[in-house]
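Visitor: Input: one structure, supplied below.
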């Protein structure tokens, strides 16, 4: 049906064209005379190139009507051409993924994370004073110190507690310092005899509180007075006293032992510069030799892409290549000293006016030629190859000059860089417009979906050696993959790098221009020959342009740190063939090469993004592994993956398809956990009980009995229904009970007068009013489980009677022994012991961390005119 409709539309267009033709028959003769007068006129017309556009002078403005008619013809021809191409080639519909402008920023806008420098020690615990109660519930005057959580936010429920530990792990990963300098966080010990220092302000405040506590032993006070730093200047080492919970000490000691900083010297800076830049004779590099012995740096994490984002992650790959493309365009140098557009157009006009009457199609040869388009084309080609962005070609078949320029483009840029449909359309236009008519061959009727391209078909049918040889080169023009300094690079063919392939192209073009075009009118043959002549007149400049393109591409490619994987992108970079014509016709003889500052900037941005990318992968892998080991079966892995992508900054996470998210999750699961992150997780895993028992928010379970149990004395609370151990009780895990929903076992045990312990994280609720407690105690616990069967609403109440309680007089006056059918199981927090909490921490006395290693390198270039390519010959030889 599609073909039938298109055919009908073409017939309608042809009928309209016939009617217009009849109306314009009378005017054609006069138009031809006016056009011939204009072409043969010797009167000079001045063309300027202000604002990068060709402006038309007063002389030309007089014939605006004539030009508008010509423009109508051009537009009509272009429209017919587009319909023809659509008729011959069914356009393949591909999914589009347009990143939002607000999300997609240049990679250079993403600032590298500064080395995380900790200004205080990592702490989970802090010591707190709690009162002591006598056997009768009265409060004593003395206190006791216990380790409690600094930030007590533990939720109730075993699953939620495990999720809390995952969040704690994530927090530790975020805060984990790259290096520690204890000197920067040390503060004065107010109680020191000789103005000594302790490791941080919290240690100092703990020392103050203990020193002022009346119950502190004299020996401890004397020890605090002696607490000070110990410096070993010859070894650049300093020891500071600290007061830390054993778990906090384990964390901080691990951070100190596994710092990421490494000594920095000139060799490291020298090797940090990409080898090809170091060995490039066009760049003169000097290094500052005055590095102090305390200089340090953090080695960037440049592991190659472990996720293979190019494989089945179309949306992600499109975004990352687009970001790379935007960055690459900003570092490609601007072309200088281009041929004056005015002078070049005048020269081209003279070449086109060698014979009497210029035919219609030749008037298009000059359209769109300007220096801005030339510069834009140069940047687009290099940036697309650097970022491996797929390009699509935009052209008009009747503009033979564009097609001839396209032949140069297809010669120097590998086929893979163009989207298949666009490549086929361009090749088909070149074959049917230039190559086949030259040899009198019939038009090629290309079938959509043919595995061979038009050039591959033409190569088998063309007998002329030079043309077939050129077609063979284009058909086999692919990137050569080479691993350089551990990075996969896409390298151009040597014949392109040295420009020799242009001679091959010119031989083919000259052969085509010598052919008779037997099936075409003479004017057609003349137009093609003139177009070829225009390009062949610039043979030397085209060789230089090709060498310049290859040199800039390879020099900038040396600064890329991630593997250059070649995969077709969802969206493409559009390239007008008229801009390729501008580049070919306007390229001058001025060499442009990237400045050293530009190269260093490009290299630093690539290193920063690559290193951040790997660190975020390590974080995501660690969190996923931790979630699995903590048995967080309800955890949404997609949320972890989304968080990972957000931390890379360049992705519009909400628009990434779900299938790619889950594929990313699966690949992250396969990666091993980085050793530092694994050790930190094991530290948390081993000490979960210690952290949990230091919380005042939750209890560890509840004991339920059918008959009342007496309240017992507890040093921390007075008379309470608290159990400190579960010996002698049958235990049932609350989480498993809630998941199974089978309460028969509990009911039977209680009816048989056997107390049962439900073990799990429960809210630790205190209610000091005895009167209110008596009324609701049994209902809140026993009734809910046995009757309502809702364990998730279980909130055991801590029944506490002491001298701080309003109801203490009940016990004192009436000798009443309170009882309860429940007991809250609460583990005892760790008691604070000064001797066990005093630790000496050791670090370097001083060092300086340098983030930008290339700041030590001063660089310059040779005079651009003397710049040489890989073959030790000048990049631009045509002077």
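We number each residue from 1, going along the chain as drawn.
Positions of Cβ are set from backbone N, Cα and C atoms, glycine also.
Swiss-Prot lists these features:
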type	residues	note
REGION	1-79	region '5-fold hub'
REGION	1-35	region 'Disordered'
COMPBIAS	19-30	compositional bias 'Basic and acidic residues'
SITE	219	site 'Interaction with the intermediate capsid protein VP6'
SITE	223	site 'Interaction with the intermediate capsid protein VP6'
SITE	227	site 'Interaction with the intermediate capsid protein VP6'
REGION	393-413	region 'Hydrophobic'
REGION	421-441	region 'Hydrophobic'
SITE	838	site 'Interaction with the intermediate capsid protein VP6'
SITE	840	site 'Interaction with the intermediate capsid protein VP6'
Visitor: Radius 10 Å, atoms counted are CB only; among the recorded sites 219, 227, 838, 840, which position scores highest?
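Guide: Answer by Cβ density within 10 Å: 227.
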Visitor: Looking only at C-alpha atoms, tell me how far residue 223 (site 'Interaction with the intermediate capsid protein VP6') is from residue 838 (site 'Interaction with the intermediate capsid protein VP6'), rounded to the nearest Å.
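Guide: Here the two Cα atoms lie 10 Å apart.
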Visitor: Could you say whether, by DSSP, residue 223 (site 'Interaction with the intermediate capsid protein VP6') belongs to a helix, a strand or a coil region?
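Guide: It is helical.
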Visitor: Summarise the region 'Hydrophobic' (393-413) by DSSP state, stating how many residues are helix, strand and coil.
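Guide: Counting residues by DSSP class gives 13 helix, 2 strand, 6 coil.
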Visitor: In Å, rounded, how far does the Cα of residue 838 (site 'Interaction with the intermediate capsid protein VP6') sit from the Cα of residue 227 (site 'Interaction with the intermediate capsid protein VP6')?
Guide: 10
Visitor: Roughly how many angstrom lie between the C-alpha atoms of residue 227 (site 'Interaction with the intermediate capsid protein VP6') and residue 219 (site 'Interaction with the intermediate capsid protein VP6')?
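Guide: Their Cα atoms are separated by 12 Å.
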Visitor: Counting across all protein chains present, how many other Cβ atoms fall within 10 Å of the Cβ of residue 223 (site 'Interaction with the intermediate capsid protein VP6')?
Guide: 15
Visitor: Measuring Cα to Cα, how far is residue 840 (site 'Interaction with the intermediate capsid protein VP6') from residue 219 (site 'Interaction with the intermediate capsid protein VP6') in Å?
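Guide: Between the Cα atoms of residue 840 (site 'Interaction with the intermediate capsid protein VP6') and residue 219 (site 'Interaction with the intermediate capsid protein VP6'), the distance comes to 18 Å.
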